[in-house]
Amino acid sequence: MSTCHVILFPSAFINVSGASIHRAESSHSQRNLAYSKDSPASQRSSTMAPSRDRKASYEEAPGDDGEVVTTVCNSAGAVQSAESIEEPFTTYFDEKIPIPEDEVQSWFSFRKLWAFTGPGFLMSIAYLDPGNIESDLQSGAVAGFKLLWVLMLATIIGLLLQRLAARLGVVTGLHLAEVCNRQYQKVPRIILWLMIELAIIGSDMQEVIGSAIAINLLSVGRIPLWGGVLITIADTFVFLFLDKYGLRKLEAFFGFLITIMALTFGYEYITVKPDQGQLLKGMFFPYCQGCGTPQLEQAVGIVGAVIMPHNMYLHSALVKSRQVNRAKKKEVQEANKYFFIESCIALFISFLINIFVVSVFAEAFFGKTNEQVLETCMNTSSPYSGLFPPNNKTLEVDIYKGGVVLGCYFGPAALYIWAVGILAAGQSSTMTGTYSGQFVMEGFLNLKWSRFARVLLTRSIAITPTLLVAIFQDVERLTGMNDFLNVLQSLQLPFALIPVLTFTSLRPVMNDFANGLGWKIAGGVLILIVCSINMYFVVVYVMALGHVALYVVSAVVCIAYLCFVAYLSWLCLIALGVSFLSCGQTYRLGFKTHPELFLLNNVDADSVVNR
C-alpha cells in the first residue's frame, strides 16, 4: 500500500534531482519524520527507527504560475509521527496538550476551545505589562477619554498581527525565530537576533521597574526602590519552578495573575465611577477635539506600548504546545480557528483592563494641576506629598505617582490595590519575557541553555542599569526610563512584523495556508502604519534630547537601522509578490537556497527534501 502526496513548489526555488527523502538537521532534532494523511496518530508506532531512509518517487508536471507540481509517493509502512517521539525541548514543551475529539459538535466545540486555551492568554500579558499600564494612565491624565479609540484600534491591529504569528507556528511546526534562522542568511539573522534580544532586555527592565515600584508602595516606603529591584532577581527564579508542575497548571497561574489585574484595576474603576457616556464616545468616535502635541505623543505612545516585538516570537512558539497533526489539513485549519478565538477572548480581557486604567485617570485626574493634588494629599496627611511641586502646571503621572494620587483621593486601599495590580503585571510579564528569550535564543542560535542560565544573563543585564538609577537617582529618573524603553521597543518592531508577514506570505513555507492577496495588502498596510507611527515617536524623543552630539550619534544609528529595515522590507516585498525586485534570483538576494523545506500538509517541518 502506498500513499501519494502533492506539494507545490515555485519553480524559481526548486530543482529536484533525487528520489529519496533523507534525514536532515533540525533546530530541535535530527530525525527523518513524515506524516501519513491516512493513518491516525493512534496507529503510528513510536518504536520505528528514526534513521530509516524512505524511498520515494516524484512525478513532476507544470502547474499554474510557473509552479512545479511534485507528487511524492512513499510506502505507508515507512511513515511515523513526530508526536510519537519525545522531543528534547527545554522550555514549555515538556508536555503537549492533546486535543479531544468531539463527535457531537463538528463546527464548534467548547471542549476543544478549552484544550486550545492557554497560549493566547500568555501572549496577552504583554498587553498588560507595566509599560502599557503607564501609557494608559498618562493617556487618561493628558487627554481624558479622547484617545480610547486609539487604544481599541491598536489592540485590533495587535490581534491581526498575532494571528499571523500563531498561524506560522501551527502550520509549519516552527516558531518565528526558527524560521528566521533557516531562511535568512547568517549576517542578517545575527543582526535580527541581537535586535530582538535588545527588545527583550528593554521589556525586562520595564518589568523590573514596575515590580520594584509596587514593592515600594506596598511596604509604605520601608523597602527602598533598589531593594525592590534586588527582590525581583529572586522572585523570578522562584517562579521558574512553577512549570515543573505541568503546563496546564502554569497556564492557570498566568490566568490567576490576569484575574488579579482585572479585580484590582476593576476596583479602581468602580471606586472612581467614570462617565460612561464619555467613555463610549471616546471609544467609538475617532476624534480628539482640542488636542495638541502632548495628546498626539500619547496616541503614538499607546501604539508603541501595545504592540510588542518579542511577543510575536513568543506567540508563534506557544502554539506548538498543542498536539496538532500537520499531516491533516483539517486539523491545522481547526487549530488556527480555535487559537484565533482564544486570542480574541484574551485580548478582549486585556483591552477591558486597559480601559479600566485609562478611564480612572481620565475621570479623576484629567486637567488637574500639581497644586490641586498637593493640597489634597496634604489634607489626607499622605507621606508622599513632597512628590508634587506647588505650581499650576498640569499633573504629570507615572505608575508610581499614579498609585499615590489614587491614595490621596480615594483612600489608602486604592493605593495598595493599585500596587498589587502593578506587581501582578510585572511578575507575569517577567515570566513571559523569560520564555521569549529562551525561544529566541534556541531558534536563532540553535543554542539550548537552562532556564536559570538564561534568566541569570538577561536579568543581570536588565537589572544593572535599573539598580544604578534606583540607588543614585530618585523615582522620577526610574520611571522616566520607561519613556526611553518605549522608544527602544518601537525601534525593534519592524524586526518582528516584517519577518512574520514575509514568511506567512511565502507559499513554500505555508503551502495552502499562505496569506491571500487581501491579507498581504492589509498586513503590509498595517505594518507600514505601525512602523511609521513608531518612527515618529522615536523622532519626537530624539528631538527632545537637545544636544548636538546626541543628534549626530542618533543620525549614524538611524542610517544603519534604516538600511537593515530596507533590506528586510525588500525581501518582504518579494514574498508579497513584487517579483521584479528579485530579478529572478531570489535565493541569492537573501533567502537561503531551500525555502521549500518547511512544507507541510504532508511532510513534517523537521524533514527536508534531498536536493
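Residue positions begin at 1 at the first shown residue.
Cβ atoms here come from the backbone N, Cα and C positions, even for glycine.
Unlike curated entries, TrEMBL annotations are predicted automatically.
Annotated in TrEMBL:
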| type | residues | note |
| --- | --- | --- |
| REGION | 27-66 | region 'Disordered' |
| COMPBIAS | 29-49 | compositional bias 'Polar residues' |
| TRANSMEM | 140-161 | transmembrane segment |
| TRANSMEM | 191-217 | transmembrane segment |
| TRANSMEM | 223-241 | transmembrane segment |
| TRANSMEM | 253-270 | transmembrane segment |
| TRANSMEM | 339-362 | transmembrane segment |
| TRANSMEM | 399-425 | transmembrane segment |
| TRANSMEM | 452-471 | transmembrane segment |
| TRANSMEM | 491-509 | transmembrane segment |
| TRANSMEM | 521-542 | transmembrane segment |
| TRANSMEM | 548-581 | transmembrane segment |
Selected stretch (most C-beta pairs under 8 A with the transmembrane segment (253-270)) from 140-161, 339-362, 399-425, 521-542, 548-581: 399-425
Stretch-level contact, the transmembrane segment (140-161) and the transmembrane segment (548-581), CB cutoff 8 A, at least 3 pairs: no
Cβ-Cβ under 8 Å with the transmembrane segment (399-425): same-chain residues at least 6 beyond its ends: 125, 128-130, 132-134, 137, 210-211, 213-218, 257-258, 260-261, 264-265, 267-268, 271-272, 360-361, 364-365, 373, 376-377, 380, 382, 384, 387-388, 475, 478-479, 482
